Amino acid sequence: MNFEELLREVGGFGRFQVLTLLLLCFPRLLLPLHFLLHNFLAAIPGHHCAIPHQQQFANLTKEEVLIINIPRDFNGAFSSCEMFSEPQFHLLLNSSLELTNVSVQSCQYGWIYDQSQFISTIATQWNLVCEHKSLNQATATFFFFGVMFGAVIFGDLSDRFGRKRMLLVSYLGTLIFGLLSSASVSYSMFAVTWTLTGMSICGLSIIVLPLGMEWVDIEHRTMLGVISSLFWSFGNMLLALIAYLVRDWHWLLLTSSLPCIVGIISVWWLSESARWLLIKGKLKEAHRHLKRCARMNRKTDFADKINPESLLKTAAVIRQKSDGNYSYISLFRTPILRRISFCMTAVWFGTAFSYYIMSMNITGFGLGMYMTQFVFGFIEVPAKLLVFVLVNRVGRRRSQAWVLILSGLSVGINIIVPTSQGILRSVIAIIGKGFAEAAFTIVFLYSSELYPTILRQSGLGYCSFVARLGASVAPLAFLLNGIWKPLPQVAAFAMAVLCGSSAFFLPETRGIHLPETIEDIEKQRCVHK
């Protein structure tokens with residue numbers, strides 16, 4: 001019998017799968033606490049140049065001290081990056097005077113930061129503002145570069161050494177490097193440890209869904225993908241609460257990293273993928289996990305008669321099909337795989353780029369940043385319920401294409417909506433964020449179904465690499481607003497529409513058995529219309 005038939009015998013969805021799902025939902029809850037932490041970790045509060053010799057202004061109010069020392073920008077607000085070379089006392093008589101031939105210089109004595117919202121961020125810790133603002137944005141890029149390389153590492157190692165073992169390594173690495181990041185004493189130390197944190201946590205991102213899907217039957221694959229994805233949204237909302245309560249970046253990062261201890265403990269109850277074990281010829285281990293599955297699902301008759309010898313035939317069939325050495329190059333070996341991989345490159349890059357452009361822009365919508373973060377997480381819940389309906393009725397391919405295109409159109413509409421229309425902009429942004437999250441939910445499920453078991457983790461690793469490349473570019477795209485303010489949004493709009501269109505060239509996977517080998521992929525080309 002093939003593995004799908006074997007899984008039906010031990011129970012394709014029962015108490016065993018519910019336990020597995022719960023254990024795999026926890027890492028999904030933790031992911032946003034790091035992936036979106038940049039919004040608060042690197043937040044730049046209001047600031048102005050530090051003013052020396054404060055004692056000579058003892059008789060002046062704080063506002064008057066600013067008037068004579070800090071020029072105003074074109075909006076009439078005090079400049080964040082410039083100061084007068086000499087105090088302009090005459091402005092006390094008329095602060096609206098037009099200033100000509102007045103010497104202005106960049107901040108010479110550091111900055112004073114508004115601490116009403118944040119006690120400390122990495123921007124205030126190391127003065128990553130004004131001419132050093134790009135270094136502040138770069139911290140998000142460093143993190144996603146780490147995630148990008150982690151995708152390559154964990155994707156390959158998970159196919160070589162197993163899903164469960166590498167999940168444990170990911171938990172341990174995230175905990176260790178997260179704690180080191182929170183204790184950073186310099187920008188360089190933070191940049192290195194934060195990059196390594198991103199590399200470590202990527203394992204949680206790319207292992208969870210394939211491991212879960214390899215234990216459930218066809219009928220419940222979509223449900224598993226949507227439910228596990230819901231915990232990302234819950235983590236999104238949890239991040240808003242934690243950031244609201246913890247306003248110092250050291251403690252915020254520490255609070256986000258410590259839950260990995262719970263994850264490390266939870267791995268004890270998690271079962272390795274029986275599919276992977278059979279492919280690797282580990283019959284005794286596969287037998288042990290399948291027997292556990294059968295007993296938990298109350299398939300006692302099958303649990304009693306199943307033995308390692310009875311698995312030989314199933315393993316032989318799978319291994320006969322999967323003989324050979326596989327690497328990332330194998331993802332482009334055959335015509336169908338090449339088409340899948342090239343199209344998925346575009347879809348993953350566009351999805352990640354547009355999602356993080358939206359997720360990292362939580363100001364300017366008429367809501368506070370904590371409330372915006374919470375609402376952005378909350379709107380993902382109905383978006384994912386919509387996904388559950390769409391992928392089962394419309395199919396994976398068209399659903400993937402249209403939700404990504406619609407997320408881009410939402411960004412495009414907001415470009416032309418006046419900033420004075422705060423409520424309207426908020427509604428459009430929230431709808432767009434929902435579509436972007438729906439695109440991410442579908443692409444994880446879709447990718448796991450497109451690639452065969454022998455390449456599934458490598459495929460997810462490659463796709464995650466591409467996604468993190470898009471996520472790495474997204475924070476730097478905000479620097480384009482120095483050229484033209486809406487330019488980051490224009491880039492997100494164009495990327496989402498173009499990359500979403502490429503999904504139309506992918507095969508449909510609705511109602512199809514998970515392929516186990518490259519041969520299975522090629523056999524299915526007749527139904528990929």
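A Cβ is built for glycine as well, from the same backbone N, Cα and C atoms used for every other residue.
What TrEMBL records for this protein:
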- 87-510: domain 'Major facilitator superfamily (MFS) profile' (DOMAIN)
- 12-31: transmembrane segment (TRANSMEM)
- 135-154: transmembrane segment (TRANSMEM)
- 166-185: transmembrane segment (TRANSMEM)
- 191-211: transmembrane segment (TRANSMEM)
- 223-245: transmembrane segment (TRANSMEM)
- 251-270: transmembrane segment (TRANSMEM)
- 340-358: transmembrane segment (TRANSMEM)
- 370-389: transmembrane segment (TRANSMEM)
- 401-417: transmembrane segment (TRANSMEM)
- 423-447: transmembrane segment (TRANSMEM)
- 459-480: transmembrane segment (TRANSMEM)
- 486-506: transmembrane segment (TRANSMEM)
Counting only residues 6+ away from its ends, which parts of the chain sit with a Cβ under 8 Å from the transmembrane segment (223-245)?
17, 21, 24-26, 28-33, 36-37, 39-40, 208-209, 212-213, 216, 252, 255-256, 370-371, 373-374, 376-378, 380-381, 384-385, 387-388, 437, 440-441, 444-445, 448
Within the domain 'Major facilitator superfamily (MFS) profile' (87-510), what mean pLDDT does the predicted structure show?
86
May I ask whether the transmembrane segment (191-211) has at least three C-beta pairs under 8 Å with the transmembrane segment (459-480), counting pairs 6 or more apart in sequence?
yes
Any residues 6+ beyond the ends of the transmembrane segment (166-185) with a Cβ under 8 Å from its own?
27, 30, 34, 154, 157-158, 193-194, 196-197, 199-204, 207-208, 211, 250-251, 253-254, 256-258, 260-261, 263-264, 267, 270
Give me the stretch from 12-31, 251-270, 340-358, 401-417, 486-506 with the greatest number of Cβ pairs under 8 Å to the transmembrane segment (423-447).
401-417
